[in-house]
Amino acid sequence: MAARSTGRTVPAPGPRGWVARHQLSSYFVLAFAWSWLLWLPLLLGSGGSALLVLGGFGPPVAALAVTWLAGEPVGEWVRRLWRRPVPARWWAYALGLPLLLYGVVNAVLAASGRPVDWSLALERAPAHLATLGFVAVLGGGLEEPGWRGFALPRLQDRLGPLAGTAVLGLVWGVWHVPLYGPLGFAVPFVLAFFYTWLYNRSGSVLLCVLLHASFTAAQDHLVLLPAAGEHAGPLDAVDLVLFGAYVLGALAVVVLTGGRLGHEPRVSPAAPRGGPRRAGQ
């Protein structure tokens, strides 16, 4: 008599089975290994921009590899990166939130006596848009299919939205240390809360890519001080004002969402793991 199937998926033996049982651990190890090994020559004073760009592909490459090694459909992971339709307000959030925060930062700097030149916003607009496009297509925006498209849903299922975001923000920040030094982890940690709310409410990793690109472009071009010397050093007053704006904004998101960051737990086994709310809800 044939044995009755239990309906459970049995992980493959060997390394693939281990990856299937430890997907998050495998993902983080692969993401760090890919990126840090490629960035090592930069730390040693050799290499160039090609290694910088290639190293940034660690998070999506790790997500793709773990999905395949775990025996899950790669096509399903790819399809989850873009959910339609997405209300216009979440496009506005992705592209406009950094503009709003940097507008507040410049207003604070102007009130404190810094020589803010508002006309620079128009003058720097072409460079801002060029940076936004580059980061979205070849730069840091391509981290998002890994961080938000793979790790965040699993962390939210395991830890909840607040703790899951905090853990991901910490890991995301440490991942940046070879590029920005020990102090560089703080900003990604805080920004992670903005990304989680966007992902949970829109369901779109693409919008997280645009938010990432918009933050990078704003950082590069929208501190409206005319002289380079007005914004120098790792802990100058401008950076402290920027970080303060990030912290206050992230706290506002946490409070306004009651700590849920737009996340709703799965209501049935058929629902996608860690799935966000439907756009518009």
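Using N, Cα and C of the backbone, Cβ positions are placed for all residues, glycine too.
Here is what TrEMBL records for this protein:
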- 24-44: transmembrane segment (TRANSMEM)
- 51-70: transmembrane segment (TRANSMEM)
- 90-113: transmembrane segment (TRANSMEM)
- 129-216: domain 'CAAX prenyl protease 2/Lysostaphin resistance protein A-like' (DOMAIN)
- 179-198: transmembrane segment (TRANSMEM)
- 205-228: transmembrane segment (TRANSMEM)
- 240-259: transmembrane segment (TRANSMEM)
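Through the fold, the transmembrane segment (240-259) approaches residues 97, 101-102, 104-105, 108-109, 161-162, 186-187, 190-191, 193-194, 197, 219, 223 of its own chain, all at least 6 residues removed from its boundaries and within a Cβ separation under 8 Å. Distant neighbours of the transmembrane segment (90-113): 194, 198, 201-202, 204, 207-208, 210-211, 214-215, 217-219, 222-225, 237-238, 241-242, 245-246, 249, 279; these residues of the same chain sit at least 6 beyond its ends, with a Cβ under 8 Å from one of its Cβ atoms. Applying DSSP to the domain 'CAAX prenyl protease 2/Lysostaphin resistance protein A-like' (129-216) sorts its residues as follows: 81 helix, 0 strand, 7 coil.
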